[in-house]
Amino acid sequence: MNAPQTNDTAADGAATEAIAADSGRRALTRREQKEAYENNKLFKRIARQVGQAIGDYNMIEAGDKVMVCLSGGKDSYAMLDVLLRLRERAPIDFDIVAVNLDQKQPGFPEHVLPEYLTQIGVPFHIENQDTYSIVKRLVPEGKTTCSLCSRLRRGILYRVAGELGATKIALGHHRDDILQTLLLNMFYGGKLKGMPPKLQSDDGRNVVIRPLAYVKETDLEKYAELREFPIIPCNLCGSQPNLKRAEMKALIREWDKRFPGRVDNMFSALANVVPSHLMDTGLFPFASLRATGVADPLGDIAFDEEPCASGDATGDAAGNTTSGAARPISIVQFDDL
């Protein structure tokens with residue numbers, strides 16, 4: 001699917017409408033005008049990044065039925081909201097169905113999502129499965145339940161996708177999730193592995209997409225506040241948060257504050273891989289490498305300092321650098337669906 005176009009006239013002025021409705025027909029103050037302008041810019045930025053990711057990885061094709069997995073958190077709400085708006089001006093036709101898995105966690109507000117989805121007119125399916133009791137029975141007290149819960153949830157959602165005739169399963173992972181996963185796998189797993197923007201599921205029957213792959217979490221936080229989504233708490237199961245992932249989140253946010261451009265460059269690096277300069281013999285034939293006598297401009301310059309080592313290059317959220325040609329950027333489980 002080609003990335004849907006976003007422009008000043010077509011972009012949704014959600015903030016402007018909200019403020020205008022709130023203030024009747026009176027003229028907006030300068031502050032309100034500025035807020036409306038900034039919020040409109042926020043939507044356009046998110047919509048542009050989602051559209052770009054969809055286009056870069058051909059996430060959605062004509063005739064697709066996209067199953068949007070809706071947890072009740074800010075990310076999945078934003079994903080559904082933006083996909084619905086992009087569909088209005090997309091060059092192709094595709095269907096959207098929202099799916100929530102009610103795992104029967106104590107205190108889960110069953111009415112929230114059905115009421116919201118009915119209000120906005122989106123076809124939806126609520127899958128009721130008491131995985132909470134299964135996890136509590138199998139996992140010792142005090143141990144994290146996230147891994148087993150994730151596997152159960154994944155299997156159920158794959159089955160539901162088949163029953164609904166969905167051709168794509170959309171998950172709400174964003175740019176920060178991808179970078180956190182990369183660091184977790186490097187620091188604790190000994191792997192250079194991230195979270196792909198598009199993949200075939202482990203059962204071989206589904207294609208999973210991550211339309212928010214280019215979007216910063218801070219933008220999603222602002223967008224959720226602006227749109228006033230009815231957020232459902234994510235810790236109803238009582239499980240302890242993933243402390244290692246929380247560490248990675250804090251690390252990335254600290255870098256973003258102290259070293260502008262560093263996190264963007266990290267993300268850009270995921271799409272600029274040079275196998276010959278890594279150490280995986282499965283990716284590059286080091287054993288058979290011989291001098292050919294033919295100059296190779298991409299060959300290793302051995303004793304010279306790499307140009308990028310100076311730290312002069314800075315990247316943006318779309319993966320473009322100021323020290324070289326602009327390139328489309330890639331995306332990327334510690335295993336949490």
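Backbone N, Cα and C atoms are what each Cβ position is placed from, and that goes for glycine too.
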Annotated motif 'PP-loop motif' segment (source Swiss-Prot; candidates 71-76, 101-106): 71-76
Positions on the same chain near the motif 'PP-loop motif' (71-76), where near means CB under 8 A and six or more residues out: 100, 112-113, 171-174, 212, 217, 220-221, 223-224, 229-232, 234
Count of other CB atoms lying within 10 Å of the CB belonging to CYS146 ([4Fe-4S] cluster binding site): 19
